[in-house]
Amino acid sequence: MAPQERTPCCDDSRQSGDIDKPSIDNFNKSESTNVTDKRKATDFDDLLPYIGEFGLYQKILFLLMIPFAFFVAFVYFSQIFMTIVPEQHWCWIPELANLTVEERRALAIPAKIGGQFSHDRCQMYSTNWSLALAQGRTTPDDEWPIVPCVTWEYNRTDVPYETIASQLDWVCDKDNLAATAQAIFFCGAIVGGLVFGWIADKYGRIPALVGTNMMGFAAGVGTAFCHSFWSFVLCRFFVGLAFDNCFTMMYILVLEYVGPKWRTFVANMSIAIFFTFGASILPWLALWAGDWRRYALGISLPFIFAAATPWVVPESARWLLSQGKVDKALIIMKKFERINKRQIPDKILNEFTEASQQALKDSEAQKTYSVLDIFKTPRLRRNAILLIIIWMGISLVFDGHVRNVGSLGLDIFMTFTVATATEFPADTFLTLVLDRWGRRWLACGSMVISGIFSLLATTVPVGGPSASLAILGRFAINISYNIGLQYAAELLPTVVRAQGVALIHIMGYVASILAPFVVYLATISPELPLLILGVLGIFGGFLCLLLPETMDTELPQTLADGEEFGKDQRFWDNPCFPRKKEIPVQRLEAPQESFVRPLPGIGSRASIRASIRLSARSKRNDNIS
């Protein structure tokens, strides 16, 4: 699917996927080409037109993203199907093993009038069962004492295989253990982001990519041999170390090697197709495996193929350049030349080599900034705090919808697949409209719509109606999620952009730790999780309107730019109904050398995350040197 020409509802002169728009208007494609031809090759993007922006080698790398997209889906969602518990469960009484299920429940389990279940799931009658059977009793005596269950038996109609939760009886007073295990997984994700981020900075993207996937392999296989809650959560913590990075590192590599006009396509379609498909097949893999241990092994063993990555995927040329390894970067570009059957002129290579060496020297003399700098001035501080709160809300609502599928009253396997499939239309829709409708109103609208559908789901009968509305809420929050980090990356100044977005990303993980406990509230009332998700969605959506719009703007570079950014905007401004502006003459007559190359166009949460991490790691490398 090739990038489509834009026909926006409003004045939109941006290239598909651009983030930083040049300050010269009416900059069309032919003019862009002329500028590229006339000016010197000063950065890595200048080489891409000579080797092909999406040639054969880039297409091969794009397809090589498939296993890594599957791996991150397996890491993120697999625990749901290891820890689900059949809804129908009751006390197991060994002395009554020879009776039928109905006879056991009628004799030993207290009945419940009203509610979702006709019997008590956590208590039983206590008596001399041998004597009761000898007397031929088929109903309980009202004078028998009621005691808590010791062990349970399960109706496996809805979950037809053994999970660790049913094996270890994580029900009744232990039904919070599954949520606790998921929260510990996200704690591992926070640590993993820091550890493998450092490895990527220090030793390169390929070692980090291999290392994070090998961690997922080892901890995933170890999960299959757990026999207690503590051994399980320890393994899930280490699996959490692999979360995100097992795909994002590959994402960085591929995104770097395609031209700007293809980056939006690569960014969105890899998520929309590969990630969505990998997540959608997970429940069916669990059913096919028929046991949680075989399931854990089956989804973890494929990670071993990541060990072959160094032989099939090139190292990040941008990372090599940041380390001063220009010769190694050029060797990789020669490989692109050979496979794509293109050639970079010697003059361009010489110019690029000189510019890269000079850029490395200049970076060593630059002033360093801390993430704390974004909190030192009032407008920038307000925007940063708003971004953190909004992103935490988006993360919590998104993850809450992901994990709440078991409370919707339908088959969890089919409901999960349908809800996950909403990622495809959400990503595709966003690719088409994000650079036409803007970030501010689209983020607000999608969050509010998600909240409204979530609240409506609590007003209809449990089952098909509530599930349909909840899935529509999931679709809307998918759009918000994809906007979130891109919005932050465009709004924060360049000098602290990487660190600021990294902080927001980590705060999203913190919010995700709470999501399993929000879903756990369904044990009190099935409506509670959706009520909370709905209120958070609407509240977060309206907060988005307090941020300035970033579409078709020259993004802030310095802290001073960040403080002034958006001061000329009004609350009701909308990109589809722009105010008329007079364009200063000096901007139309800007000299050619004032052109600033835009950042890679990015249209999904994974792509912006990848690019920002890349920027952050390069910045830290400069500081170290």
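Backbone N, Cα and C define each Cβ position, glycine as well.
Annotated region 'Disordered' per TrEMBL: 1-26, in sequence order.
The compositional bias 'Basic and acidic residues' annotation in TrEMBL covers 8-23.
Here the transmembrane segment (60-82) has Cβ contacts under 8 Å with residues 163-165, 181-182, 185, 209, 213, 216, 220, 223, 236, 239-240, 242-244, 246-248, 250-251, 253-254, 257-258, 266, 270-271, 274-275, 277-279, 282-283, 286, 292, 295-296, 299-300, 302-303, 305-306, 312-313, 339, 402-403, 406, 416, 420 of the same chain, all six or more residues outside its ends. Residues or ranges marked as transmembrane segment by TrEMBL: 60-82 (among others).
What TrEMBL lists as domain 'Major facilitator superfamily (MFS) profile' is 62-552.
Marked as transmembrane segment by TrEMBL: 177-199 (among others).
Positions annotated as transmembrane segment by TrEMBL: 206-230 (among others).
Positions annotated as transmembrane segment by TrEMBL: 236-258 (among others). Proximity of distant same-chain residues to the transmembrane segment (236-258), defined by a Cβ-Cβ separation under 8 Å and at least 6 residues beyond the stretch ends, is recorded for 44, 48, 53-54, 57-58, 61-62, 64-65, 68-69, 71-72, 75-76, 79, 181-182, 184-189, 191-193, 195-197, 200, 205-206, 208-209, 212-213, 215-216, 218-220, 222-223, 266-267, 270, 275, 303, 306, 313-318, 336, 600, 602, 606-607, 609-611, 613-614.
Per TrEMBL, the feature transmembrane segment maps to 265-289 (among others).
If you look up TrEMBL, you'll see 295-313 (among others) marked as transmembrane segment. Same-chain residues lying 6 or more positions outside the transmembrane segment (295-313) and placing a CB less than 8 Å from one of its CB atoms are 61, 64, 67-68, 70-71, 74, 78, 81-82, 161, 206, 209-210, 213-214, 216-217, 219-221, 223-224, 246, 250, 253, 282, 285-286, 289.
The annotation transmembrane segment is assigned in TrEMBL to 384-400 (among others).
Among residues of the same chain six or more beyond the transmembrane segment (412-434), those with a C-beta under 8 A of the stretch's C-beta atoms are 4, 77, 80, 84, 158-159, 264-265, 268-269, 271-273, 275-276, 279-280, 282-284, 286-287, 401-402, 405-406, 442, 467, 470-471, 474-475, 478-479, 482-483, 486, 603-604. Here TrEMBL flags 412-434 (among others) as transmembrane segment.
Long-range Cβ contacts of the transmembrane segment (441-463) within its own chain (Cβ-Cβ under 8 Å, at least 6 residues beyond either end) map to 390, 393-394, 397, 401, 408-410, 433-434, 469-470, 472-477, 479-480, 483-484, 487, 526-527, 530-531, 533-542, 544-545, 574-575. Taken from TrEMBL, the feature transmembrane segment applies to 441-463 (among others).
Residues or ranges marked as transmembrane segment in TrEMBL: 469-489 (among others).
Within the chain, the transmembrane segment (501-522) has long-range Cβ neighbours (under 8 A, six or more residues past its boundaries) at 175-176, 178-180, 182-183, 186-187, 189-190, 193, 371, 387-388, 391-396, 399-400, 402-404, 406-407, 485, 488-489, 492, 528-529, 532-533, 608-609, 612-613, 616. The feature transmembrane segment is assigned by TrEMBL to 501-522 (among others).
What TrEMBL records for 528-547 (among others) is transmembrane segment.
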Residues of the parent chain within Cβ reach of the transmembrane segment (177-199), under 8 Å, 6 or more residues beyond its termini: 79, 83-85, 165, 168, 170, 207-208, 211-212, 215, 229, 232-233, 236-245, 249, 403, 505-506, 509-510, 512-517, 519-520, 613, 616-617
Model confidence over the domain 'Major facilitator superfamily (MFS) profile' (62-552), averaged pLDDT: 87
Non-local residues, at least 6 beyond the ends, that sit with Cβ under 8 Å of the transmembrane segment (469-489): 19, 387, 390-391, 394-395, 397-398, 401-402, 404-405, 408, 415, 418-419, 422-423, 425-427, 429-430, 434, 439, 442-443, 446-447, 449-454, 456-457, 460, 497, 500-501, 504-505, 530, 533-534, 537, 540-541, 547, 550, 602-605, 608-609, 611-612
